[in-house]
Amino acid sequence: MLNRLRRTKIVATLGPSTDINNNLEKIIRSGVNVLRFNFSHGSKDEHKSRANQAREIMTRLNFHIALLGDLQGPKIRISKFIKNNIFLNVGDFFILDANLDQNNGNQERVGIDYKQLPYDLKVGDVLLLDDGRIQLKVIKSTGHEILTKVVIGGILSNNKGINKLGGGLSADALTEKDKKDIILATEINVDYLAISFPRCSNDLKQARKLAKEFGSNAKIIAKIERAEAVLNQNTIEDIILASDAIMIARGDLGVEIGDSELAGIQKKLIRTARQLNRIVITATQMMESMITNPLPTRAEVMDVANAVLDGSDAVMLSAETASGEYPAETVIKMAKICKGAEKVPSINVSRHRIHAKFDDIEEAIAMSAMYVANHLKGITAIITMTESGKTALMTSRITSGLPIFALSKNKETLNLASLYRGVTPIYFNSKNNNFKAANEAIVLLRKRGFLCRGELVIITQGDIMGKIGKTNTSRILKVV
């Protein structure tokens, strides 16, 4: 192996900053693996234009990068103030009024966009506005009005979000806007579709069904950001199993469960997702200071590194690339942090499912290949010749410290695999089967500079190339 490859993937959000100065191509060249379209912001035409530009760059550079559409979901917000903002003092009484015109907020009251909110609350509940910067205690909730008392005050401006401490708001996971955005996601052919604020597995099943009805085959990502979603281990597992991947959206989740609980929940979610053979993205404020600064803080470096050490498939950038001043520099710095953390030996050994029995042949082959990778001296790489990408995904659930090359002629499969930890997707289209195809794969990777003569590699493949679900062979070959 000539160069150590970065195993943890980087998700970057597109926005005004990537629209200028050739920044989209710069972040792609800097190492982005997934491009995120945040449907909370931007117009339909802007998203389509960015998708077209991204595909042109990917084709020209011969890069395999996944597109991720992120639905806004039922984010509950206050309306607008006549003077754009107010200052709330501790002890003030303040009314949230479901019937107030959306532009008529004042020092005493403001409108809300979720008319059901007064019926979801009881006396004593605590509402968290603007990511918890403002806290209101419910004194009375009747009809269309919620009378509150300010517990933590400060400046409150237009359209700030509302959360309930401990969760429990009944808004549906998919709004009418989300349904329109699923159509948009289908039109730009995203590989992944992120569902915001799911409370249970049924929310994800409904989203998957709706996406398929609109013609999308996108894999479903569950954004974990409600307290109900992490209520207990059974709920966590149900949500993970109903999705193809999860995103730990630490902003709203931290507001609802409390920041002090966040670190433990993050580790539990990552561990559980990997055990259940699902992908996991860690997100929110990872390199926040680089929105306006050319270097991250030491705390941000440690945050990214810890997400890598926890086993995240990917770490995500939001405003850092969408509206920040240093989008490419942020990606470069994050990539360096990931590679630095990946040097730690303790994360390169895994006993995951070492004693498990399998009903699925592909999974058994993947597990056996990774067992050999961790126990036979001299192995330098794992090569999975795959149609659907399933074998590549399964092998990536076992930590070995070795690169996994997913070889396929299916470009959609290669795009999906760009999110899998430790997996490098490579286009490969052989007319041969078995041993000849395996040797062709080795020659290709050696010519690309990934392998050296004399190294040992593990190859998984099926007897017949081009058939989904037919992986039944694992072999060890020497690079010549």
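In case you wondered, yes, glycine gets a Cβ from its N, Cα and C as well.
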Swiss-Prot K(+) site partner of N38, S40, selected from D19, D70: D70
Those recorded positions, out of D70, K223, E225, G251, D252, T284, that come within 10 angstroms of F39 (ATP binding site) at the Cα: D70
Long-range Cβ environment of T284 (substrate binding site), under 8 Å and at least 6 residues apart: I248, A249, R250, G251, G254, M316, S318
Minimum Cα separation from N38 (K(+) binding site), reported as the residue among recorded positions R77, K160, K223, E225, D252 that achieves it: K223
Neighbouring binding-site residues, C-alpha within 10 angstroms of E225 (Mg(2+) binding site) - of S40, H41, D70, D252: D252
Max pairwise CA distance, angstrom, over record-listed substrate binders R36, G251, D252, T284: 18
